[in-house]
Structures are given as structure tokens and as C-alpha cells.
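Trainee: Residues or ranges marked as active site, nucleophile in TrEMBL: Thr168. If you look up TrEMBL, you'll see Arg196, Val197, Gly198, Asp199, Thr219, Gly220, His221, Gly222 marked as substrate binding site.
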Amino acid sequence: MNSAVIVVHGGGASCISKDRKERVRQGIVKAATVGYNILKEGGSAVDAVEGAVVVLEDDAEFNAGHGSVLNENGEVEMDASIMNGKDLSAGAVSAVRCVANPIKLARLVMEKTHHCFLTDQGAAKFAADNGIPAIPGEQLVTERNKKRLEKEKHEKCAQKSDPQNLGTVGAVAVDCRGNVAYATSTGGIVNKMPGRVGDTPCIGSGGYADNDIGAISTTGHGESILKVNLARLTLFHVEQGKTLEEAAEASLGYMKSKVKGVGGVIVVNKAGDWAVKWTSASMPWAAAKDGKLHSGIDLSDTSVTDLP
């Protein structure tokens, strides 16, 4: 029997305001706890990563599902992907509009179609055909994200815009049978063009899972992550003999030096080792293993508590 492990992230961020920090911490801890309980009850790694990401999609503090940022038309368009390391089966969706939990839709693509990736209207029809209720798009729009869009448009006009809007959520897990999986979900970047797709739904960029190597979920500047295939690049370093920590450092360093992109990764392997690494200012994360919950937001800030 393997030691079950789950690691979750709430997205690379430039800075998280003091008033939000506690809510973000609570959300990330809840997601890790939900995922870990699924594993403890004998659930699969795929069940656990999906369950953890659903918690984050339902939490308006995170840029996925109900907290998704808005495109330049003030609308939500979401991307998500999931992968099973046992057989490399994968499912992804992009530019999804009126669905509460895009990660659930991505899993259905993986399990109920011969495809890996559905987009926009095709994804919407597939959701309806499989009983996923459509919700009014406005239900996903928060006041905070309306203000963020206004601020971004104003700064863009004044040419002060910071391209590093880095919100994504993700999870990686290894179950008691030694299978690994990842799930990643996002609303993308503020003020993006309609139809823009980042790294999150792209297998090998937004995440990857292979029992023989490990599982990874990424976050950061999507265009940069796409250019370096950050997820698969990190696992390539693992294949070459680097530790998870060394591999994460090498691939994030490469992305920063090559394309000036910042971000973060969470990684596990089937032995139950795990690592979290980021080059953005902060990255909310939590990891659960052997009854202990590790969590943090900033580089200097890690706590360890007993799981209930």
C-alpha cells in the first residue's frame, strides 16, 4: 500500500492583500483536506484531484469557476484539464462559459469521449448532453473581478499594465495503489481577448501525469508556460535523475531566463515525495500526507498541523 498524498495550489500571485490572506488560506486548506479524505477512503488520485479543484472552483477567492477573472467584454471564459497517470488518459476544455465546474467537464471528456480536448460551443453541447446544468454567465461574475477589469483597462490605457495576472488552481495526488493524477483549472487572465486560451487546458503545459515519473500542475503566465511546456519539462528533469525540488527549480529557472515568465509548480511521484516551488511573489499551497497538513502562501511562511 502506498502512502496517499495530495498537494494543491491556488495560483501564482504578485501579492495577496492582508484582508484576503486568511480566506485564501482557509480555501486552500479545505481543498487539500477534501482531496486527502477522498484518498483515505480509498478513492483514486483522479477522484482526489477533481474533488480538491471543485472546492477551489466554488470559492470566489480563486481565479477558477466562481472566482474567474473577466475577458475584455466583461465575460467569464474558463479552461481546465485533468490526467490519469495510470494510462495517460486526459481530458480538457477551453473557453467554457456557463458551467460551474469546468474540471468536472474535463473529466467527462476524458472518460466519455475518444477525444482529449473540447472547446467553446462543442464543449457546451457536450456538457448539456451529459446532464451538466448550464448556469447564467452572470452567476460567475463577482464584484471584485468587475473592479479588477476596470483597473486593468484603465492601467492599459495609461500603459501601466502588469502582464503577470497569474491565477490558476490545481492539484496533484498519488493514491494508495500508486497511481498519480493532476487537475488544473482557471479563468485565465484579466482583460484577455475573447477566445484566448492559456496553458491550463494544454496537456504538458498546464499539467502532466505519468505513474512512471510523477504528476505536476502549473500556474503562472500562461503564454510563457506554453512556450516552454513547463509541466512536461519539469518531469523530463525528473526522468533525468533530478529530485522533484531540483527539477522544479530548473524548469522555472529556464522559463524565467528564456521568456522572462514567472510562475509555480506542485509535483508528486508515486513514492509519495512532493515539492512546491514558485518564482512569483507568492503561491498559496497545501499538502496532506501521513495525517499532517503542510501549507503556506509566501516563501517565508510554512505551517504544519495535524489533520482532523
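A Cβ is built for glycine as well, from the same backbone N, Cα and C atoms used for every other residue.
Note that the structure is predicted; figures quoted are calculated from it, not measured.
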Trainee: For each of the binding-site residues (Arg196, His221), count the other CB atoms lying within 10 A of its CB, then report the residue with the highest count.
Mentor: His221
Trainee: Calculate the distance in Å between the alpha carbons (Cα) of His221 (substrate binding site) and the residue listed as 'active site, nucleophile', and round it to a whole number.
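Mentor: Between the Cα atoms of His221 (substrate binding site) and the residue listed as 'active site, nucleophile', the distance comes to 10 Å.
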Trainee: If you skip the near sequence neighbours and keep only those at least six away, which residues in the chain come within under 8 angstroms of Gly198 (substrate binding site), Cβ to Cβ?
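Mentor: Once residues fewer than 6 apart are set aside, Gly198 (substrate binding site) is near Asp79, Thr186, Gly188, Ile189, Gly206, Gly222, Glu223, Ile225, Leu226.
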Trainee: To the nearest whole angstrom, state the Cα distance for the pair Asp199 (substrate binding site) and Thr168 (active site, nucleophile).
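Mentor: Here the two Cα atoms are 10 Å apart.
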Trainee: What is the total of other Cβ atoms whose distance to the Cβ of Thr219 (substrate binding site) is within 10 Å?
Mentor: 34
Trainee: Hey, how far is Val197 (substrate binding site) from the residue listed as 'active site, nucleophile', Cα to Cα, in Å?
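Mentor: Val197 (substrate binding site) and the residue listed as 'active site, nucleophile' have their Cα atoms 13 Å apart.
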Trainee: Please list, in sequence order, the residues in the chain of the residue listed as 'active site, nucleophile' that are at least six apart in sequence and whose C-beta is under 8 Å away from its C-beta.
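Mentor: In sequence order, the residues whose Cβ lies under 8 Å from that of the residue listed as 'active site, nucleophile' (at least 6 apart) are His9, Gly11, Gly12, Asn63, Ala64, Thr184, Ser185, Thr186, Thr200, Gly206, Thr218, Thr219, Gly220.
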Trainee: Report, as a single number, how many Cβ atoms besides its own are within 10 Å of the Cβ of Asp199 (substrate binding site).
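Mentor: So the Cβ neighbour count for Asp199 (substrate binding site) comes to 30.
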Trainee: If you draw a 10 Å sphere on the Cβ of Val197 (substrate binding site), how many other Cβ atoms land inside?
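Mentor: Within a 10 Å radius of the Cβ of Val197 (substrate binding site) lie 19 other Cβ atoms.
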Trainee: The record lists Arg196, Val197, Gly198, Asp199, Thr219, Gly220, His221, Gly222 as binding substrate. What's the largest Cα to Cα distance among them, in Å, rounded to a whole number?
Mentor: 16
